[in-house]
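Notes follow once the structure below has been shown.
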Amino acid sequence: MAGHRFDVAWIFSLVALFFLRAHCFYLPGVAPEDFKKGDPLLVKVNKLTSTKTQLPYSYYFLPFCQPEHIVDSAENLGEVLRGDRIENSPYVFKMREPQMCNIVCRKILDKKAAKAFKEKINDEYRVNMILDNLPLVVPIRSPDQENAVVYQYGYHVGLRGQYAGSKEEKHFIHNHLTFTVKYHKDPLSGSARIVGFEVKPFSVKHEHEGEWNEKTRLTTCDPHAKRAVTSSESPQEVEEKKEIIFTYDVEFQESDIKWASRWDTYLLMADDQIHWFSIVNSLMIILFLSGMVAMIMLRTLYRDISKYNQLETQEEAQDETGWKLVHGDVFRPPANSDLLCVYVGTGVQFFGMILVMMIFALLGFLSPSNRGGLMTAMLLLWVFMGLFAGYSSARLYKLFKGTEWKKITLKAALMFPATVFAIFFVLNALIWGQKSSGAVPFGTMFALVLLWFGISVPLVFVGSYFGFKKPATEDPVKTNKIPRQIPEQAWYMNPAFSILIGGILPFGAVFIELFFILTSIWLHQFYYIFGFLFIVFVILIITCAEITVVLCYFQLCSEDYLWWWRSYLTSGSSAFYLFLYAAFYFFTKLEITKAVSGVLYFGYMLIISYSFFVLTGTIGFYACFWFTRLIYSSVKID
């Protein structure tokens, strides 16, 4: 037996090591492309983003230089929902052919254009571009460590500042871009692959002699005179009727980084010690709870079951106390049993979606190079997991002696998605009112409704049909016809108090990882530490199960048999703490100033918290369901 445990421990350790290393490789969303010298490199533009407003805009929402024809790139469902709008740009490079001071276009700003630029500069919007599926980054030297470089995704539209000796604040635009394309050369074929895409933005008030025409040469930036832009000492002001000339340089740098490792710098995890602290912190919680569960199961329960099974006389049986006393009521169907069946079915659907998504992410299929892949996978998995939602809700409904399985199935298929869709529709209307590219088009809305009613609802019915067709699960003990009176409970066993206490530990097990997830969502950073996330998810499952079992045992010992809903709400209450933490994060980490953006933040966090409630509540319910059936099937009932 000891040897078997040792083998299991070894296997678990190896699996854990694999999961932790899983973030070091990825299966890319695109095949590698080889470029020969002189091959054209097409730069694409993506949305304008700001952490202050959380409202993305299309690149051409601002009056930047445009190509002759703007062409939208093919987008998947996830990209549309994320607000990505990928289009072609007027920037065209040639592989390994440096360019200096290329003029893109000249603009004379009208009142509307100047106002639009100023607003986006005030809100600290960044321009996002893509080359060979790599996002554009701005290298910034880290103030904490010498020679360390951190990468900022996209460059700021502009900046605010004052001229020397003046107190008046002006707006300046970044109109000169110095691009650096890093490539890895194949020594045999001579072709190269792109492994990095960086930019240094400058604000330069370009000057030229004479009237402007196509052959005009700039005096501030001239490739013939080898005069390059190296600073923003004479910046370009944003004002009505001001002339702005957009220019760019392109440099090429050979790199030792191979194409398969080119995302490593983007996904560099500088604070992995915090993740390890999170894991250790969560494991301490698990060890504490496991000790309590082991004590209950091995000592208290074993002693109780032995004592109850040895009672022989009627007088002894009348003197029994504790959890056995409520055996005739413990499996009595709860109030609002239909609603419980619906919530449990939805929770199973969530659990299946997250589990399968984690496995795909660990294998590298949901890498950042596959933009929108994570969101698309979540939606499709949710739809197909409707099969398990129907099955589990119907099985529980039949246990409660329910007969109208179609009614419960319809509720399971519609209730949770309808609630989320209603909130999402209101939030989308607010985004649409701001003319943001983050607004989901009506065509995509229709596609979502089609997925819901065309695939998800029928699958819920199929699962429910098979679940209801199976014979009902038999209770280990018979239920009395007349419900037993519940004695007055101690203050610490009050339902509201014990439920709120039960949610603290599951939240405590995940809140450090939650910080990184919120940072990824709201500060526009890549989250790709799925190895840690999977371990935290496993810890969450164990914590939810154990705290619910412990509190359920205490509840039954105090002769309170109303455990069905209590078991769901105990671990589900961790969602309440998640929402409180989201509010704390909003006021301490984010710099959101607009009311609409605040409503969007709390609206989306409400959806996430509601989903977390359904997931954790279902885990706790099934743990308690297994526990009660186990203990009551172990005693002899006369």
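Every residue gets a Cβ built from N, Cα and C, even glycine.
For 1-24, the entry in TrEMBL reads signal peptide.
Through the fold, the transmembrane segment (276-298) approaches residues 505, 508-510, 512-513, 532, 535-536, 539, 542-543, 546-547, 549-550, 553 of its own chain, all at least 6 residues removed from its boundaries and within a Cβ separation under 8 Å. What TrEMBL lists as transmembrane segment is 276-298 (among others).
Sequence-distant contacts of the transmembrane segment (340-366), counting only residues of its own chain at least 6 positions beyond either end whose CB sits under 8 Å from a CB of the stretch, comprise 19, 22, 25-27, 334, 373-374, 377-378, 381-382, 385-386, 388-394, 396-397, 400, 402, 408, 411-412, 415-416, 460, 530-531, 533-534, 537, 564-565, 568, 611, 614-615, 617-619, 621-622. Here TrEMBL flags 340-366 (among others) as transmembrane segment.
According to TrEMBL, the feature transmembrane segment maps to 372-391 (among others).
What TrEMBL lists as transmembrane segment is 412-433 (among others).
Here TrEMBL flags 445-468 (among others) as transmembrane segment.
Within its own chain, the transmembrane segment (499-523) has Cβ neighbours under 8 Å at 51, 54, 274-275, 277-278, 281-282, 285-286, 289, 529, 532-533, 536, 539-540, 543-544, 547-548, 551, 566, 569-578, 581-582, 585, 589-590, 601, 616, 620, counting only residues six or more beyond its boundaries. The transmembrane segment annotation in TrEMBL covers 499-523 (among others).
According to TrEMBL, the feature transmembrane segment maps to 529-556 (among others).
Summarising the annotation, TrEMBL assigns transmembrane segment to 568-587 (among others). Using a Cβ-Cβ cut-off under 8 Å and counting only residues 6 or more beyond its ends in the same chain, the transmembrane segment (568-587) has close neighbours at 340, 343-344, 498-500, 502-507, 511, 514-515, 518, 522, 544-545, 547-548, 551-552, 598, 601-602, 605-606, 608-610, 612-614, 616-621.
Below 8 angstroms of C-beta separation, residues 54-55, 340, 343-344, 346-348, 350-351, 354, 416, 419-420, 423-424, 426-427, 430-431, 502-503, 506, 522, 540-541, 544-549, 552-553, 563-564, 567-576, 578-579, 582-583, 586, 590, 592 of the same chain, each at least six residues beyond the ends of the transmembrane segment (599-627), sit close to that stretch. The feature transmembrane segment is assigned by TrEMBL to 599-627 (among others).
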Residues of the same chain, at least six outside the transmembrane segment (445-468), with any C-beta under 8 angstroms of its C-beta?
77, 345, 379-380, 382-384, 386-395, 397-398, 405-406, 408-409, 412-414, 417, 421, 425, 428
